[in-house]
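Swiss-Prot feature annotations, pasted as is:
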type	residues	note
COMPBIAS	1-22	compositional bias 'Low complexity'
REGION	1-41	region 'Disordered'
TRANSMEM	51-73	transmembrane segment
REGION	91-120	region 'Disordered'
TRANSMEM	160-182	transmembrane segment
TRANSMEM	189-211	transmembrane segment
TRANSMEM	221-243	transmembrane segment
TRANSMEM	270-292	transmembrane segment
TRANSMEM	307-329	transmembrane segment
TRANSMEM	336-358	transmembrane segment
TRANSMEM	368-390	transmembrane segment
TRANSMEM	403-422	transmembrane segment
TRANSMEM	437-459	transmembrane segment
TRANSMEM	479-496	transmembrane segment
TRANSMEM	511-533	transmembrane segment
Amino acid sequence: MNSNTPSSDNSSPDNVSPDTSDMASAGDDSALATPPPRPSLWKDMTTNEDWWAIWCAALLLLIAFAAVWIGQPENLSELIAGSTMEEVSQVETAPENAGPSAEAENEAIETENTAPAENADLEVAETQEVAEEEPYEYASPLKPFLAKPGKWTANPLDAISSSWSGILGVFLIIAALFAFANQMRGKSAGAFLAAFPVIFLLATLAYWMSGQSVVKAYNLEYALWALLVGLIISNTVGTPDFLRPAISTEFYIKTGLVLLGAEVLMSRLLALGLPGVFVAWLVTPVVLITTYWFGQKVLKIQSKSLNMVISADMSVCGVSAAIATAAACKAKKEELSLSIGLSLGFTVIMMAVMPAVITAMGIDPILGGAWLGGTIDSTGAVAAAGAVLGDEALEVAATVKMIQNILIGVTAFCVAIYWVTFVERDPAGPRIGISEIWYRFPKFVLGFVSMSILFSILYSYMTNGPELINAMIGGSTKTLRGWFFCLAFVSIGLETNFRQLLPQLKGGKPLVLYVCGQSLNLVLTLVMAYLMFKVVFADTVAP
């Protein structure tokens, strides 16, 4: 894989020349006017990296959901119904006074019935207590076989002593799945299997370092360590050629993003409803467009793709949005790496500083949580910062960020249209049609949106849907998604060379762009959050 042509897999098969026509010089009108023949939809769906990310993620989700579904007791509904009917029956048959009688007779009857009534009440209470103490807990049978290195303080072996079998399980699943996908796409499965153990070992090392208790307290997440591990290798001894078949940055991250779609449930938007939607969906596009305009017109950043990726990274939701946008605008690996580095650095700073600022300003937890959710890039960092302010702030912050995450697909789609229609179009040439926009559109976004809709429906309308979906996510797919992201960050580091990155840092313009854009984001998000949560919908969201 050549780091200078990272987009060859983003929207077309590997055996088709996707970039030569799109990236032709402005003077080559014939190339722009007559693009090469595009592959058929069937061939695209069987060889394209984006489509295979969807197929791989869909297979994993199907297996994960089926495992939880099959693991239910056959008589679960009967147990629940029987328990409920028993409680109701006991309450209804509890002895009561027979009716009016003489005063002395009533006293005698009351005395006789006191003990049975108390016993009946005690039985009902005990039944309810047992039901409360021993409810059926949905769990994924796959959970013991899927794990990541755990937390450790002094002894590094503590991180893997209890999770090594789960780590091995993840390795075998991803190795087998991606080897098969590579073979079907016309690549060498053997070359992938020879290199993948090293990439996976580096990802395990990143997880292991992030699990150290002091490191964890500062929320220095695995993504940062994975990048550093890869960068150290690529910028010192260099990335060995034999590793390149397993350095599949886009494939890993796209598969992880499709898995993420199952976690972004539309039904959960109702938790905050319109206030959160206004904060996330009105401010975000304004900040993105304004920041991109500022980078082009004021800072005059040479690379439009770098400008766009940084703008999306900062305004939408960090790394996931950066990668989706990079696929849509065909950004270079170095540009994506720079954007992610800026995002991770400022995420750590904002996660530590913003809760203190909110407390010092006397902002209440609801408003503070909404501010955190709309500004901090990483979902994990949002949750960590919200937890500092309390459970109420955590709930609001996480929900606003979840609402904002839905814009990943929308952003990628809009950027793809803008890029094909305006950025790469020759003004003297013919207007690019819908087919070219479809060809350039990152198809994995369709998987992200489809999984979000599908599992939202299952969550809302299926019997025991919330329990089933939560068990599936918590017991398997969330762990796999984390591994895919970690493998992607290791790959980004291995493909990034600082010598190629330095020209992009000339004059510090990317840093200035990020700081200015984030400053605008902070101001607009706070204003909108105040209007929505404290003025317009104050009664609705009041605790």
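Glycine is treated like the rest: Cβ placed from N, Cα and C.
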Below 8 Å between Cβ atoms, which of the listed ranges 221-243, 403-422, 437-459, 479-496 makes the most pairs with the transmembrane segment (51-73)?
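By the under-8 Å Cβ criterion, the transmembrane segment (51-73) pairs most with 437-459.
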With pairs 6 or more apart in sequence, are the transmembrane segment (511-533) and the transmembrane segment (437-459) linked by at least 3 Cβ pairs under 8 Å?
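By the criterion, they do not touch.
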Does the transmembrane segment (189-211) come near the transmembrane segment (307-329), with 3+ Cβ pairs under 8 Å (pairs 6 or more apart)?
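No, the stretches stay apart by this measure.
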At a Cβ cut-off of 8 Å, and with pairs 6 or more apart in sequence only, do we get at least 3 pairs between the transmembrane segment (270-292) and the transmembrane segment (307-329), yes or no?
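Between the transmembrane segment (307-329) and the transmembrane segment (270-292), which are separate recorded stretches, there is contact, as judged by 3 or more close Cβ pairs.
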